[in-house]
Amino acid sequence: MATLSDIGVSAGINILSAFIFFIIFAVLRLQPFNDRVYFSKWYLKGLRSSPSRGGAFVQRFVNLDFRAYLKFLNWMPEALKMPEPELIDHAGLDSVVYLRIYWLGLKIFVPIAVLAWAVLVPVNWTNNTLELARQLRNVTSSDIDKLSVSNIPEYSMRFWTHIVMAYAFTIWTCYVLMKEYETIANMRLQFVASEARRPDQFTVLVRNVPPDADESVSELVEHFFLVNHPDHYLTNQVVCNANKLADLVKKKKKMQNWLDYYQLKYARNNSQRLMVKLGFLGLWGQKVDAIEHYIAEVDKISKEIAKEREEVVKDPKSIMPASFVSFKTRWAAAVCAQTQQTRNPTQWLTEWAPEPRDVYWPNLAIPYVSLTVRRLLMHVAFFFLTFFFIIPIAFVQSLATIEGIVKAAPFLKVIVEDKFMKSVIQGFLPGIALKLFLIFLPSILMIMSKFEGFTSISSLERRSASRYYIFNFVNVFLASVITGAAFEQLSAFLNQSPNQIPKTIGVAIPMKATFFITYIMVDGWAGVAGEILMLKPLIMFHLKNTFLVKTEKDREEAMDPGSIGFNTGEPRIQLYFLLGLVYAPVTPMLLPFILVFFALAYIVYRHQIINVYNQEYESAAAFWPDVHGRVISALIISQLLLMGLLGTKHAALAAPFLIALPVLTIGFNHFCKGRYEPAFVRYPLQEAKMKDTLESAREPNLNLRGYLQSAYVHPVFRGDEDEDDYDDDKLGKFEEEGIIVPTKRQSRRNTPAHSRISGESPPFSGKV
C-alpha cells in the first residue's frame, strides 16, 4: 500500500525526469543540425530554410550564443501565443480540436477539484474509520485513504455530501460538454464552408456494385449514374487490386535506398569496391559487389513492376466492384452520399469518399462481402486479447502491494527493508511496469483495424482508438481495481463471512487511487515531457542525413515528424477523464495530478502541432462525437460505481437518490446526439448549394473534370520518375471528349446521354 511518502518520492522522480527532458530538449532544439527535426512543419510548408552555412565551422552545427540557453523554457509561452484561427490555418481543424480535448479536461476538472477539496476533503478527513479498521488488522490503508470516502463510517449521514457533489459534478460536466459540442459543431461547419476546393467534396465511394456478364464494372457504374443522376454525374474511377504492385514498388524503393547508400559510400572512398553478403541480414552467404548487386536488383524489380502493371490493366479480375464517382457539384455528391440508391439496400452502397491522402488503398481491394466475416473475427480476437491481458495486469498489481509480497514471500523482505527502495518500488515501479506492458498494444490494435477493412486512415485510427479505450477501461482501470482489491484484502476474504466480501471490496476501490496516482505521474507527467524530445525521429533523421541524403529533396524525405496519433493519444486522454470522474467524489486527492497532466499536455502538444507534427489527413473534427460519447460513458461509470460503493457502506437512505443521475446523463447524451451530431455525419444540402453557387460565380470556366482527372488514381500508378511519362500519356488520352462506351446491354437504350469515357481504359487512368 503506497503511503504519502511513497507518492512524494514518485512525484519527485517524475518531476525531475520531466525537468531533465525539458532541459535536454531546450539544448537540442537550439542546435542548427537539429533544426529540421524540431521545426519540421515549417520546412514542409516552405516557410523555413536551413540555418546559414556561413561563419565558423563549429557554428554550423552548434549554437554558441549562450544567451539563448538562459531562456530554455521560452518555448512554452511561445506555444500559447498563436491564436486559434491562425492555428487552424496553420495545422488544420483536426489538430486544433484534438488540443481542445486537453482544454476540455481543464475546464471540467479545475472547478470540480476546487469544489471537491473545499467540501469533500474536510468531510472525509474528520473521521477515524480507517484507524479502527487498522487496529482490527482487517484492512490495510494509508494516510492518503483518510482523504477518501473509505474513512466515513457506515450508515453515516455524511454520504449526503457525496451525493450532492455527484449531482454538482454531473451538471457541470454535462454543461461544459454541451457548450464544447456546440462550439466544435459550429467550427466544423464554418471550416467546411470556408475550406478550399477538395476532390472529396465532389466524390462518393460506391461499394458492392452488382456483377454483370455483359459489362465491365466501369461501364456499369457509368450507366447507373447516367440513368439515376443524369444532370449531375461527371466521371468515375474504378478501384483495382494493386496490392501486389504496391509491394513491388515498396521493395524497389528499399533496394534503391541501399543502392544510393553504397554509391554514396563508394564516391567518398573509391579505393576499393564495396562487398555485401547475400545471406540472412548480410551475416553470411556469397560475397558480391554491393553496387552491381543492387543495380541488378533494381532492374529486376523494375521489370516485375512493368509486368504486374500490365496484368492489373488487362486482367478483369483485378477490377473490384467499387468505384470513386465524382459529380459536377457538391450538392449532387451530398445527395448521393446520403441516400439509398436502389430498393436493395445491400447493393450500390454509397458513402463519402475520403480525401485522397486519407485513403487506405490496400483495403479497397477487399471484397465487400468479406468485411462482415473479418469484423466478426476481429471482435472475437479483441475479446481474447482483452481477457488474457488481465494476467500481466494482475502481476503489475502485485508490485503495488509490497506488504502483500512480503507476507507471501518472506525471503524478499531484505530487498524492501530500505525505506527509499520501498518508496521507489511502491510509488514508481507499478506505473512504469504497466506502461511498458502497453507499448505494443496500439500497433496490435491498428493491425486488427486494418484487417477489418476500413478504407481511410482516419476511420482506422478512430476504430483503433475505440478499442484502445475499451481495453484501458477493462484492463487498466477495472482489472486494476478488482485484482488490486482482491490481493490487498486477501486476509479479509479468507477470514470473514461471505456477506462481508462486498463491503471489503467497497472499501478497497477508493484505496486504488494510490496506484492510479503513480500511473498518472509516470505516463502523464514524465511520459508527456518525453514526447517533446522526439528521440526516434531525431535518431532516424541523422542516420538518413549521414548515409543517404544527397539532395535537398532527400533531406526533406528524411524528416519524419509524424502526426498527433489519434489512435493512441485520445484513448489515453479518455482514461484520465474516467479516473477523474470516478475518483472526484471518492478520492479527491487524485484530481491535482490529473490537472497537471492536462495543463502540461496542452502546452507540449500545442508546441508539437505548431512546429513538428504534419497531419496525414483532415477530417474536419469528425472524431468529436466519439470523444463526447466516451466522456459520457465515463460519467455514467462513475455514477454506477459511486452507487455501488454507497451500497457497501449501507447508505440505504442516500443511495437511491443516485439512480436518477445515469438516467439524466443518458437523456442528455440523446439530446446532444440529436442536436449536434448531424453536423459530423451529414453535409447540409443548403451549405453545399451555397458553396457551389459562390464557386460558379467566382470561377465560371472552371474545368472540374480536369481537376478531378487523377485525384483518386492509385499511388503506385503515379510511380517514380521512370514511370511518370507512362502515366502522363495514359492520363492525357482520357481528357478528350465524345468517346462512346460500347455495350451489349439493352439497358443502354435508357441512358440519357452518350458516355464520354471509354470502358476499355486502364483502371488507373482517372477515367473509365
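The chain as shown is numbered from 1 upward.
In case you wondered, yes, glycine gets a Cβ from its N, Cα and C as well.
Those TrEMBL annotations? Automatic predictions, nothing curated.
Features as listed in TrEMBL:
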- 7-180: domain 'CSC1/OSCA1-like N-terminal transmembrane' (DOMAIN)
- 12-30: transmembrane segment (TRANSMEM)
- 101-120: transmembrane segment (TRANSMEM)
- 159-178: transmembrane segment (TRANSMEM)
- 201-363: domain 'CSC1/OSCA1-like cytosolic' (DOMAIN)
- 374-646: domain 'CSC1/OSCA1-like 7TM region' (DOMAIN)
- 376-395: transmembrane segment (TRANSMEM)
- 428-447: transmembrane segment (TRANSMEM)
- 468-487: transmembrane segment (TRANSMEM)
- 516-535: transmembrane segment (TRANSMEM)
- 575-605: transmembrane segment (TRANSMEM)
- 653-671: transmembrane segment (TRANSMEM)
- 741-768: region 'Disordered' (REGION)
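Only sequence-distant pairs (6 or more apart) were considered; of these, at least three Cβ pairs between the transmembrane segment (653-671) and the transmembrane segment (159-178) are under 8 A, so the stretches are in contact. Counting Cβ pairs closer than 8 Å and at least 6 residues apart in sequence, the transmembrane segment (516-535) and the transmembrane segment (159-178) reach fewer than three and form no contact. Of the ranges 12-30, 101-120, 159-178, the one with the most Cβ pairs under 8 Å to the transmembrane segment (575-605) is 101-120.
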